[in-house]
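Structure, as structure tokens:
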Amino acid sequence: MGRKSLYLLIVGIFVAYYIYIPLPDNIEEPWRIMWFNTQFTTAEKLAAFVELLGLHHIMDCLKFSLSIYEVPPTSDENVTVTETKFNNILVRVYVPKRKSEALRRGLFYIHGGGWGLGSAALHDYDLLSRWTADRLDAVVISTNYRLAPKYHFPIQFEDVYNSLRWFLRKNVLAKYGVNPERIGISGDSAGGNLAAAVTQQLLDDPDVKIKFKIQALIYPALQPLDVDSPSYQENSHFPFLHKSLMVRFWSEYFTTDRSLEKAMLSRQHVPVESSHLFKFVNWSSLLPERFIKGYIYSNPNYGSSELAKKYPGFLDVRAAPLLADDNKLHGLPLTYVVTCQYDVLRDDGLMYVTRLRNAGVQVTHNHIEDGFHGAFSFLELKISHRLINQYIEWLKENL
């Protein structure tokens, strides 16, 4: 073997070592997932290095790397796409071009990205909205909201809620030809969190007479109190959303002070005076037995009151919809929840399904045994098309 061939072999081994990660046997297209994960991990590590040098915040670096995937609001042969503002919040509006004699369904969609990344303009979200509008014959509103680290809770929640209230005005619905009795809300990940939160808030808003017919939550993040549930433990290093990144997303939602992140990782961020809230997120009683798998629930190590006083958002039901009491949950609409087996947020969705059903809410739970966080929005993957088809079919039947 020549020296050049030896060098190429060594480089090939190192590249394969960097790309390869062990994946469960039931994961479809494993090498494509490894390749996407390599790209994401590389961007994350570079962003972390830039932050370590004190040049830019990690979220700003990741935001910049994602911006190359944004597309303009361009109409196609099936859907008219426009960009406008609802109550000063930038939104994209997708309206089917084919004529409709009746008023159309309306779907208000909220993108994910850990409250610090993402945009309605990202290629995959834009394509998802087009497909949904066309196949559902619905008007789709895809909203933006201000992001961390520049903005923290409750800004993201308030932006989404203000945009939503604008959309639900009778004159706006009439402008877009939307049936006020056939409106739903949906979102994935952090967008699922915001969708669940504003849907709860809407129940108590006397100024909004129009209520949702459905809510559809795609692997939502629903509580930051316990980040040591079985799904956090099992999937702590799984591609696309590992535990440390999710905890960073949670902490950045409330503050750039890294002390909250450290306290969350050591389960010492909730003060003893808020201990009563753990009954709403106690996975030992809320998870189906097959997801507990012998894990033993342990009581949290309570922290000081200082963090909760400085950053009360992580105990606020508007940030953690799982903290809502049963009376609030009882009034929620027909719900669709997607959870993925290989996702740190799996148990959040599972616990919400249990609590909603216990409160008398009709729930369709779609658990994806070979799914992982991001499976809904990696449109290059077969699993994404399967999940989206199931999602749109459910919307057709129930919205």
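Going from the start of the chain as shown, residues are counted 1 onward.
Each Cβ is built from the backbone N, Cα and C atoms, and glycine gets one as well.
Note that the coordinates shown come from a computational prediction; the quantities given were computed from them, not determined experimentally.
What TrEMBL says about this one:
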- 6-23: transmembrane segment (TRANSMEM)
- 107-265: domain 'Alpha/beta hydrolase fold-3' (DOMAIN)
- Ser189: active site (ACT_SITE)
- 315-376: domain 'Alpha/beta hydrolase fold-3' (DOMAIN)
- Asp343: active site (ACT_SITE)
- His373: active site (ACT_SITE)
DSSP-derived helix, strand and coil totals, residue by residue, for the domain 'Alpha/beta hydrolase fold-3' (315-376): 22 helix, 19 strand, 21 coil
Cβ neighbour count (within 10 Å, all chains shown) around His373 (active site): 26
Average model confidence [pLDDT] within the domain 'Alpha/beta hydrolase fold-3' (107-265): 97
